[in-house]
Amino acid sequence: MFRTVPKTTLLAPIQRRTLLNGNYPKAYPEHVPLTCLGRAVLAVGSGFGTFFDSRRGDLVATLGEATAQPYFIYKLREQMLKDPTGRRLLREQPRMTSKSLDLDKLRNMKVGSIGRTYVEWLDKEGVSPDTRAQVRYIDDPECAYVMQRYRESHDFYHALTGLPIIMEGELALKAFEWANTGLPMSGLGMVLTPLKFKPKQRKRYFDVYLPWALYNGFRSKPVINVYWEEVLEKDAEELRRDLGIEQPPDLRQMKKDMAKKK
């Protein structure tokens, strides 16, 4: 999710003068200031596009930004401001890329460490931290960083929980993120995407993964405040205990087991 792909014509109307806020100067180089109408059009357009093709990472990212303002992203920033590590993240604003994380170094870390668990998950799923879309539609620069940090931390959440990038795994993680961060885009996916599931997928989701996601998301500490770059050598199971996160059942194995019972 949130990965960059070629720009879509679906969002071309945003370039029209009535949707761009010409009275609002750019707050950072990539910033695209929008009018209220522009933000609404962006949310509706990306929302429909995401529902019909949830693999479109650009639309998922755009929907997240369009629905995070004017309230939810500020609440998430407040969570960071209340935490010493969160405040330091806001002050230092580190970015996570394959270069800054040094993936080759992570591959040589101790088995079971956060760094090793993370890079093994990346290799297994065939993804890279370099494909995260740049935030464009959040007006406040600090809040834009909060959204960027959330976006770049997403694969660490995957690695920590063990959830794969297949649709059921993404949706379970989105439900967890909604319960933990309050960002509405994750909640919308949690509610609407199951409508496209097959009966067995829907049963797994509602019986196992949604209850897991809500329980762990609400009870765990705010994951936005984890300084991942500084805990790479920490044992993954220890960090799960510190955060209050239980791993869900292995989704791919559960699918195999259910297929054998046919």
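Note that Cβ sites are derived from N, Cα and C of the backbone, with glycine treated the same way.
A simple way to gauge crowding: the CB of ASP155 (Zn(2+) binding site) has 25 other CB atoms within 10 angstroms, across all the protein chains here. A helical conformation is recorded for ASP155 (Zn(2+) binding site) in the three-state DSSP classification. The Zn(2+) binding site feature in Swiss-Prot is assigned to HIS154, ASP155, HIS158, GLU170; the stated evidence is sequence analysis.
Only residues 6 or more beyond the boundaries of the region 'Disordered' (243-262), in the same chain, are considered here, and those with a CB under 8 A from a CB of the stretch are 160-164, 166, 168-169, 172, 200, 204, 208-209, 212-213, 216, 219-221, 223, 226. Per Swiss-Prot, region 'Disordered' is recorded for 243-262.
For 252-262, the entry in Swiss-Prot reads compositional bias 'Basic and acidic residues'.
Between the binding-site residues HIS154, HIS158, the minimum number of other C-beta atoms within 10 Å of a residue's C-beta occurs at HIS154. The 10 Å shell around the Cβ of GLU170 (Zn(2+) binding site) contains 20 further Cβ atoms across the protein chains shown.
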